[in-house]
């Protein structure tokens with residue numbers, strides 16, 4: 001009964017959220033920060049500095065290399081773009097690095113079928129020391145972003161108090177809506193309040209934000225990925241019910257294509273973020289990404305699972321003594337996704353299990369597909385044991401759907 005209640009509450013919570021009609025599925029795109037940080041040296045490093053050129057080149061790659069057509073449509077500027085404020089108090093971009101302005105970049109992105117995201121901070125300064133959005137500047141900055149035809153705002157939380165954030169984030173949401181332009185709102189609010197109740201009221205956050213950072217910034221290492229995953233798992237009973245169409249928990253960017261993850265770890269992050277219904281925001285150099293990493297990020301079935309219209313966040317349902325964990329996500333049309341994740345550090349492990357042990361209903365027969373290999377299997381009965389072989393720090397991921405009911409039970413499966 002408790003397990004059924006958890007699923008019911010997740011569905012009810014989605015209904016109670018206030019909507020601006022945006023991000024009915026998790027956003028997909030590219031974000032500058034993890035890979036390019038605050039590199040503003042356009043003399044020594046003109047190809048990689050935070051500049052108009054960088055974003056135009058990434059826009060070209062999104063449009064020409066298949067990313068846009070798979071759903072990766074957001075081109076998101078992060079910190080270090082601001083040049084200051086003009087005499088009327090309006091934000092202006094750095095004139096040397098963004099000589100044509102942000103509206104020019106927005107028009108360029110839109111001409112390629114993309115959307116432009118921008119960054120500010122709910123505080124006196126951004127995290128890297130550029131002019132922030134103080135409470136008296138909220139409406140002005142929202143109007144400026146709308147005039148520039150921006151499509152998403154990421155609002156950070158450095159250099160502000162809890163009181164200022166509690167007032168400022170709802171105020172910005174209202175100001176964005178008042179512009180009449182559809183601007184998705186990415187909040188860092190929960191992360192600056194510890195990510196958990198009672199300091200974080202996720203009902204309120206969900207009414208204000210389309211997505212929100214809950215925890216620490218990701219760094220280019222497997223240790224960082226695991227720390228974020230561990231936090232999400234520890235608190236999944238709080239986090240899972242508040243996610244849904246238009247409102248997403250954000251465990252931060254995808255590292256795939258950078259320097260810190262192995263091949264298996266890259267596949268693991270992609271699979272785990274997908275089953276968590278996380279935003280798929282890449283932060284890598286799309287000009288030099290390897291075909292192997294492109295294959296991970298452009299996996300059509302993976303993207304289909306991430307973008308499932310039900311929008312139910314998955315959760316860990318099994319932690320075995322053999323250091324194998326199983327994550328499950330409910331999908332539309334009675335389908336589901338399973339991720340078998342190995343915490344082992346020795347060798348590939350043969351994991352034996354049955355769907356019955358993973359809370360699938362008795363008496364059903366399933367067909368499925370291995371998300372990474374594409375192999376299709378059929379005739380898997382709930383009660384029959386199967387074996388998956390999982391590499392250390394790797395995953396096996398299945399997409400499953402019932403093809404037959406043997407008449408024993410037709411009840412909906414539960415967590």
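Cβ coordinates come from backbone N, Cα and C, glycine included.
The active site, nucleophile annotation in Swiss-Prot covers 156. In the three-state DSSP scheme, residue 156 (active site, nucleophile) falls into the strand class. Within its own chain, residue 156 (active site, nucleophile) has 79, 119, 120, 121, 122, 123, 126, 127, 188 as residues 6 or more apart in sequence whose C-beta sits under 8 angstroms from its own.
Residues or ranges marked as active site, proton donor in Swiss-Prot: 217. Mapped onto three states, the DSSP output places residue 217 (active site, proton donor) in coil.
The substrate binding site annotation in Swiss-Prot covers 78, 79, 154, 188, 213, 217 and rests on similarity to another entry.
The annotation disulfide bond is assigned in Swiss-Prot to 38-80 (among others). When Cβ atoms from all protein chains are considered, those within 10 Å of residue 38 (disulfide bond) total 18, not counting its own.
The disulfide bond annotation in Swiss-Prot covers 42-49 (among others) and rests on similarity to another entry. Taking all protein chains in view, 18 other C-beta atoms sit within 10 angstroms of the C-beta of residue 49 (disulfide bond).
The disulfide bond annotation in Swiss-Prot covers 127-158 (among others). A 10 Å cutoff on Cβ-Cβ distances gives residue 158 (disulfide bond) a total of 17 other Cβ atoms nearby, all chains included.
Swiss-Prot lists 187-209 (among others) with the feature disulfide bond. DSSP gives residue 209 (disulfide bond) a coil state; it is part of no helix or strand. The C-beta environment of residue 209 (disulfide bond), restricted to residues of the same chain at least 6 apart in sequence and closer than 8 Å, consists of 169, 173, 185, 186, 187, 189, 247.
Contacts of residue 177 (N-linked glycosylation site) defined by a Cβ separation under 8 A and a same-chain sequence distance of 6+ are given as 20, in order along the sequence. Annotation source Swiss-Prot lists N-linked glycosylation site at 177 (among others).
In three-state terms derived from DSSP, residue 201 (N-linked glycosylation site) belongs to neither a helical nor a strand segment and is classed as coil. Within 10 Å of the C-beta atom of residue 201 (N-linked glycosylation site) sit 14 other C-beta atoms, taking all shown protein chains into account. According to Swiss-Prot, the N-linked glycosylation site annotation covers 201 (among others), on the basis of sequence analysis.
Per Swiss-Prot, the feature N-linked glycosylation site maps to 385 (among others). All chains included, 11 other C-beta atoms sit within 10 angstroms of the C-beta of residue 385 (N-linked glycosylation site). DSSP gives residue 385 (N-linked glycosylation site) a strand state.
The number of other CB atoms found within 10 A of the CB of residue 322 (phosphoserine), across every protein chain shown, is 14. The annotation phosphoserine is assigned in Swiss-Prot to 322 (among others) on the grounds of similarity to another entry.
Feature annotation from Swiss-Prot assigns phosphoserine to 332 (among others); the stated evidence is similarity to another entry. Counted within 10 Å of its Cβ, the other Cβ atoms near residue 332 (phosphoserine) come to 10, all protein chains included.
The signal peptide annotation in Swiss-Prot covers 1-17.
When secondary structure is read from DSSP and collapsed to three states, residue 79 (substrate binding site) falls in the coil class. Cβ neighbour density within 10 Å is lowest for 42 among the disulfide-bonded residues 42, 80.
If you compare Cα positions, residue 385 (N-linked glycosylation site) sits closest to 217 out of the recorded positions 38, 78, 158, 217. Compute the center of the Cβ atoms of 78, 79, 154, 188, 213, 217, which mark the site for substrate; besides them, the chain residues with Cβ within 8 Å of that center are 33, 119, 127, 156, 186.
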